[in-house]
Amino acid sequence: MLLWILLLETSLCFAAGNVTGDVCKEKICSCNEIEGDLHVDCEKKGFTSLQRFTAPTSQFYHLFLHGNSLTRLFPNEFANFYNAVSLHMENNGLHEIVPGAFLGLQLVKRLHINNNKIKSFRKQTFLGLDDLEYLQADFNLLRDIDPGAFQDLNKLEVLILNDNLISTLPANVFQYVPITHLDLRGNRLKTLPYEEVLEQIPGIAEILLEDNPWDCTCDLLSLKEWLENIPKNALIGRVVCEAPTRLQGKDLNETTEQDLCPLKNRVDSSLPAPPAQEETFAPGPLPTPFKTNGQDEHATPGAVPNGGTKIPGNWQLKIKPTPPIATGSARNKPPVHGLPCPGGCSCDHIPGSGLKMNCNNRNVSSLADLKPKLSNVQELFLRDNKIHSIRKSHFVDYKNLILLDLGNNNIANIENNTFKNLLDLRWLYMDSNYLDTLSREKFAGLQNLEYLNVEYNAIQLILPGTFNAMPKLRILILNNNLLRSLPVDVFAGVSLSKLSLHNNYFMYLPVAGVLDQLTSIIQIDLHGNPWECSCTIVPFKQWAERLGSEVLMSDLKCETPVNFFRKDFMLLSNEEICPQLYARISPTLTSHSKNSTGLAETGTHSNSYLDTSRVSISVLVPGLLLVFVTSAFTVVGMLVFILRNRKRSKRRDANSSASEINSLQTVCDSSYWHNGPYNADGSHRVYDCGSHSLSD
């Protein structure tokens with residue numbers, strides 16, 4: 001028996017390859033027992049692969065690998081860690097899991113792969129995780145999920161997929177998976193079908209669906225009915241309509257079947273976001289993103305009726321334009337100016353100006369395919385196509401463009417100076433694409449742009465000076481991206497009136513050099529970010545308080561620390577958020593400012609969070625010292641001045657005596673040369689040199 005054990009251990013070591021040894025015995029990682037469980041902590045060890053390491057074989061353990069560089073997981077990656085019961089792989093930059101990577105982890109019940117860069121779950125991605133009950137994959141770049149991705153997880157109960165880029169769930173994705181808790185917040189879901197999706201999770205006890213762009217049409221009717229039939233407290237949060245316009249901001253549970261699916265013979269009064277796209281392509285005036293006096297109420301996103309109350313959840317800027325439905329008559333219209341319209345597109349005259357060319361949903365893969373090139377096109381719609389990149393050469397013939405819609409394509413690359421020829425462009429839609437970086441060079445030439453929509457991309461970085469190329473920009477839509485910070489002076493030289501930053505990853509925003517440049521802002525949406533309610537957020541809180549609720553859309557909820565989780569930090573006092581700062585204040589000084597909760601706005605990198613009515617010791621002591629030094633220098637200066645004046649006075653007296661002696665000597669000399677006494681004015685003055693001594 002002993003021989004068999006030795007042979008088994010030898011074969012395992014041989015199969016493992018060049019194993020360096022036990023990560024605990026060789027103290028490569030920190031191994032400690034906590035409440036009877038062994039924790040193998042390999043945080044931030046710089047691991048790029050695990051195939052050369054092993055772990056204790058005599059007991060079960062929790063394996064912590066967060067903060068390493070495990071960017072790819074290959075088959076049998078964890079073959080030497082078969083006693084692990086939980087696996088934590090957060091913040092590894094992980095972007096690919098090769099099927100078979102988890103083979104050998106039959107005992108793992110909890111898998112944490114959140115905060116990485118995973119883009120897809122393929123079939124057999126989780127092969128080997130036979131006992132998995134808990135899967136956390138939030139804050140990734142997840143777009144595609146194979147229908148068979150979870151088919152091997154027959155014990156999975158908790159699935160956390162929030163804050164990804166998921167726009168749809170495939171049929172039968174939950175088949176044979178006993179899901180009880182499902183988190184889909186912060187994705188791109190517009191609808192959830194009942195058949196082959198929702199019907200497969202009958203045991204649901206908790207579901208989260210907030211912060212998705214729900215399209216409240218007939219397709220969402222099945223979701224509404226399903227939510228009404230699950231346990232009363234199963235739905236956590238709200239399902240808020242983002243489209244159509246007439247239902248935007250309304251809770252799904254407050255809608256009726258008639259709201260979601262009006263009769264066909266009734267007119268749907270909702271219109272897409274500015275500029276409106278008419279379904280029949282009838283000639284009409286060029287739409288604008290702002291409502292002016294006399295315009296139709298339905299075509300004014302962001303407008304508030306006179307005397308009405310602005311509803312935070314009904315911010316019209318969130319709406320994405322929807323493609324118009326090209327009717328048969330539109331498709332068969334005669335050629336414009338004797339030239340045929342590009343294949344599959346429809347062209348119309350805009351009264352008093354140029355042409356409107358609609359190529360929405362025409363399977364266009366490149367703008368170079370649009371032939372023949374028409375002159376004087378002012379509105380170009382290319383939404384819902386398959387365009388992957390755009391180049392400067394694509395717009396050489398479109399220098400008169402005023403509106404360009406490239407939304408919902410596959411655009412990941414914008415060549416520098418692509419728009420340099422579009423000097424008259426005022427509206428640019430690039431939402432629902434794959435952009436990850438914005439720079440000044442990409443938007444060079446857009447000197448008249450007023451409206452830019454880049455929501456629902458994968459933007460992680462905005463370079464300094466990006467928006468300086470657009471001095472007339474008024475509306476900027478950046479929501480539902482992957483932004484964690486903004487560069488200094490990002491809004492310098494731009495007079496934004498409306499800004500959307502909701503559903504990103506901001507933990508705080510600096511005031512100095514960023515928010516303080518929004519001097520013309522009238523609407524800003526910041527909800528759905530993981531705010532860290534600590535001392536660093538206090539200047540931002542004060543800035544938000546000055547804006548007021550009529551400018552700041554929606555509430556701002558804390559993500560951390562735990563004691564403030566999901567609390568609106570606008571309702572928290574500064575002392576609650578940053579108690580250690582106020583503990584340093586002199587009791588005497590704080591007694592005079594108990595009612596003050598404002599803080600000095602010095603940016604998030606400063607420790608001066610106190611209101612101007614409060615004076616800390618660190619400010620008071622240097623101030624008093626400065627006064628003392630100034631007074632001392634003043635006294636010394638006065639003494640020096642007095643002493644100098646005295647010396648000058650003595651010098652003048654000495655010079656006066658010397659002058660008299662010289663004068664007397666001159667008189668005596670004069671009498672000598674005249675061989676007798678000198679008489680001044682005859683008998684009035686007589687100097688007898690013989691009777692005076694020069695020493696007198």
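Every residue, even glycine, has its Cβ placed from backbone N, Cα and C.
Among the features that Swiss-Prot reports, signal peptide is placed at 1-17, with the record citing sequence analysis.
For the domain 'LRRNT 1' (18-57), the model's average pLDDT works out to 85. Residues or ranges marked as domain 'LRRNT 1' by Swiss-Prot: 18-57.
The topological domain 'Extracellular' feature in Swiss-Prot is assigned to 18-622; the stated evidence is sequence analysis.
Residue counts of the repeat 'LRR 1' (59-80) by helix, strand and coil are 0 helix, 6 strand, 16 coil (DSSP-based). Per Swiss-Prot, the feature repeat 'LRR 1' maps to 59-80.
The repeat 'LRR 2' annotation in Swiss-Prot covers 83-104. Panel annotation: around the repeat 'LRR 2' (83-104), residues 40, 55-57, 59-77, 110-119, 121-129, 141 of the same chain, lying at least six beyond its termini, place a Cβ under 8 Å from a Cβ of the stretch.
Under 8 Å from some Cβ of the repeat 'LRR 6' (178-199) lie the Cβ atoms of residues 138, 154-169, 171-172, 205-215, 217, 219-220, 222-223, 225-226, 237, 243, 432, 456, 480, 503, 528, all in the same chain and six or more residues away from its ends. Here Swiss-Prot flags 178-199 as repeat 'LRR 6'.
Among the features that Swiss-Prot reports, domain 'LRRCT 1' is placed at 212-263. Broken down by DSSP into helix, strand and coil, the domain 'LRRCT 1' (212-263) contains 22 helix, 9 strand, 21 coil.
Feature annotation from Swiss-Prot assigns domain 'LRRNT 2' to 332-373.
Within the same chain, residues 275, 277, 286, 320-321, 354, 360, 375-392, 394, 427-436, 439, 441-446, 453 sit at least 6 positions outside the repeat 'LRR 8' (400-421) and bring their C-beta atoms closer than 8 Å to a C-beta of that stretch. The repeat 'LRR 8' annotation in Swiss-Prot covers 400-421.
For the repeat 'LRR 11' (472-493), the DSSP counts in helix, strand and coil order read 0 helix, 3 strand, 19 coil. Residues or ranges marked as repeat 'LRR 11' by Swiss-Prot: 472-493.
Among the features that Swiss-Prot reports, domain 'LRRCT 2' is placed at 529-580. Within the domain 'LRRCT 2' (529-580), the DSSP-based counts of helix, strand and coil residues read 25 helix, 9 strand, 18 coil.
Under the heading topological domain 'Cytoplasmic', Swiss-Prot lists 644-696.
With DSSP states grouped into helix (H, G, I), strand (E, B) and coil, the repeat 'LRR 6' (178-199) comes out at 2 helix, 3 strand, 17 coil.
Outside the repeat 'LRR 11' (472-493), and at least 6 residues removed from its termini, the chain residues within Cβ reach (under 8 Å) are 141, 186, 188, 213, 289-290, 317-318, 431, 436, 447-460, 462-466, 499-507, 509-510, 513-514, 517-518, 525, 528.
Taken residue by residue, the domain 'LRRNT 1' (18-57) breaks down under DSSP into 0 helix, 14 strand, 26 coil.
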